[in-house]
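The active site, nucleophile annotation in Swiss-Prot covers CYS390. The active site annotation in Swiss-Prot covers HIS514, GLU516 and rests on sequence analysis. Positions annotated as CTP binding site by Swiss-Prot, on the basis of sequence analysis: SER25, ASP158, ILE159, GLU160, LYS197, THR198, LYS199, PRO200, THR201, GLN202, LYS233. As annotated by Swiss-Prot, ATP binding site applies to GLY26, LEU27, GLY28, LYS29, GLY30, ILE31, ASP83. Per Swiss-Prot, L-glutamine binding site is recorded for TYR66, GLY363, LEU391, GLY392, PHE393, GLN394, GLU414, ARG471. Sequence annotations record features per position, and here Swiss-Prot assigns Mg(2+) binding site to ASP83, GLU151. Residues or ranges marked as domain 'Glutamine amidotransferase type-1' in Swiss-Prot: 303-541. According to Swiss-Prot, the region 'Amidoligase domain' annotation covers 1-276, on the basis of sequence analysis.
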Amino acid sequence: MPTELTDYDPSMGNKFIFVTGGVMSGLGKGITAASTGRLLANAGFDVTAVKIDPYLNVDAGTMNPYQHGEVYVLKDGGEVDLDLGNYERFLDIDMTFDHNITTGKTYRHVIEKERAGDYLGKTVQIIPHVTDDIKRRIREAAEGHDVCIIEVGGTVGDIEGMPYLEALRQFAHEEDDDDILFTHVTLVPYSKNGEQKTKPTQHSVKELRSIGLQPDILVGRCEDKLDIEAKEKIALFCDVPMDAVFSNPDVEDIYHVPLMVEEEGLDQYVMEQLGLDERALPPEERANEWRDIVTQETTDEVDIALVGKYAMEDAYLSIYESLKHAGFETNTDVNVLWVDADEMDDAHADRLSRADGIIVPGGFGSRGTEGKIEAITYARENDVPFLGLCLGFQMAVVEYARNVCGLDGAHSAEIDDETDHPVIDILPEQYEVEDMGGTMRLGAHETDIEAGTLAHELYADEQCTERHRHRYEVNPEYIETLESAGLVFSGQDQNRMEILELPDHPFFFGTQFHPEFRSRPGRASPPFVGLVETILETTDTDTEEVTA
């Protein structure tokens, strides 16, 4: 594996697609990139992806979900941007922390090398030392794959993104022309008179070209498909062929985007430009499972309450997506009802009472915990199907300890370090940990599943491997008390409790791990499928009756 620029040989055979964005952030670069990758994978190519995040954080682990959405956890324990979750779901691959490049990670590595004397007294600068490190990371992530898609976070013109765009300019200079493709995603808004305006796209491309990058493909994010006049203007003023201008209009479900851009011919154009068309599978032999999965008709509809503290979908994105996947598997429309755990007022309580099932997700801190416990009590006492994830698992233990075991004031030591009954306590290996970033119990761990339990029925195996992100666990001193009162810990990692359930309840299931991070279209997470299937078995959910 090459470790420095001078070791690199362009003949290694990788193809690189760089995806940049203009006009504004949050346009959907990641979904555009992931959809392109999905279509190339359908054509028989081994595709991977890299997300560049130009912030100074080393990783996303300490970021506020209000600002950046959920922290997505990889198999190797990397805490990363939620876009990597979309890549894993669309491409059906397991990525690594090396597939996320941040400014903090890059600068730290360069500074460590300088301190170690690796630069032999040279003046360490953005060019060439930082840009060389960026290029090295991209090439190492791409090794062994046919195609690597690299998304550059942020918007062209952002000052923090400049070193990355310069690295890309150098990258293109070092590679063969038919091994590199630049895709630029921009906003094409409507004017008040209904005309699609291309000026923002023109200015965005002008900014990109001033850095030395010329896009090969332009993708217009718009409410509706680009009309011919808009395409002609974009092609003329941005200096790209008409055939290289594609639409990416709004859709109700992101899983339809690959089908839409396939109709536009984006995948075929990409393969032709990269010289991949002759190696691609014939259209009649390409995988159609994706289309079959995401376009199937639904026969049922369910409402599931999500009881959390972050009132935005991106903060719990993988849970929303996992419910979609469970819906694909059961031919069910799954509606999510947001319930604010911090304000369990009459409106939210009514929403909870109308729900067919309840999910209490992961999280940190004291805010909203009593509301979550209240929701768990409601689910347990009223036989409402319930799924608790990470903190939701822990709060289910707290609720049971208080209301069934009679342990007044029982709580998690994270929330109340003076409780008389710390049924949830800090992991022993965390006692001496002081740093916050990257120090939790992270990544994939195996769980042994007890035969004859709901967990065994769901996973259909004696063991499962799921991803974790936590510092606290069930206190071993209270396990006997909890079990003697009827709570079953059906999954364990040695002496650590990983799964809980109540045998006499239709579906009361909690996991210390995050099963949502391994769910995929066509391969939905077992706990989510179990939740939806139980609702269908115990509730009248016919779509026509619900609509009526």
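Every residue gets a Cβ built from N, Cα and C, even glycine.
Locations of recorded Swiss-Prot features on the structure.
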residue : record                   : DSSP (3 states)
LEU27   : ATP binding site         : coil
ASP83   : ATP binding site         : helix
ILE159  : CTP binding site         : helix
LYS199  : CTP binding site         : helix
GLY392  : L-glutamine binding site : helix
ARG471  : L-glutamine binding site : coil
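Of the chain residues outside the ATP site list GLY26, LEU27, GLY28, LYS29, GLY30, ILE31, ASP83, GLY21, THR32, ALA33, GLU151, VAL185 have their Cβ within 8 Å of the site's Cβ mean position. Of the listed recorded positions LEU27, ILE31, CYS390, LEU391, the Cβ environment within 10 Å is emptiest of other Cβ atoms at LEU27. Mean model confidence of the region 'Amidoligase domain' (1-276) amounts to 93 (pLDDT, 0 to 100 scale). Less than 8 angstroms from the CB of SER25 (CTP binding site) sit GLY154, THR155, each of them six or more residues away in the same chain. Spatially close to LYS197 (CTP binding site) yet at least six residues away along the chain are VAL188, PRO189, TYR190, SER191, judged by Cβ distances under 8 angstroms.
For the recorded positions ILE31, GLU151, THR201, LYS233, CYS390, a Cα-Cα cutoff of 10 angstroms around GLY363 (L-glutamine binding site) retains CYS390.
Taking the Cβ of ASP83 (ATP binding site) as centre and 10 Å as the limit, one finds 22 other Cβ atoms among all the protein chains shown. Within the same chain, residues at least 6 positions away in sequence whose Cβ sits under 8 Å from that of GLN394 (L-glutamine binding site) are GLY388, SER412, ILE424, TYR472, VAL474, GLN512. The most crowded of the recorded positions listed here (LYS199, LYS233, ARG471, HIS514) is HIS514, judged by how many other CB atoms sit within 10 Å of its own CB. Neighbour list (TYR66 (L-glutamine binding site), Cβ cut-off 8 Å, at least 6 residues apart, same chain): TYR310, MET312, ALA315. Taking only the Cα positions, the spacing between GLY392 (L-glutamine binding site) and GLU516 (active site) is 13 angstrom. Our reading of the L-glutamine binding annotation (TYR66, GLY363, LEU391, GLY392, PHE393, GLN394, GLU414, ARG471) yields a largest Cα to Cα distance of 23 angstrom. Annotation for the binding-site residues GLY28, GLY392: lowest Cβ count within 10 Å of the residue's own Cβ, GLY28. Counting only same-chain residues at least 6 apart in sequence, those with a Cβ under 8 Å from the Cβ of THR201 (CTP binding site) are GLY22, VAL23, THR186, LEU187, VAL188, LEU218, GLY220, ILE234, CYS238.
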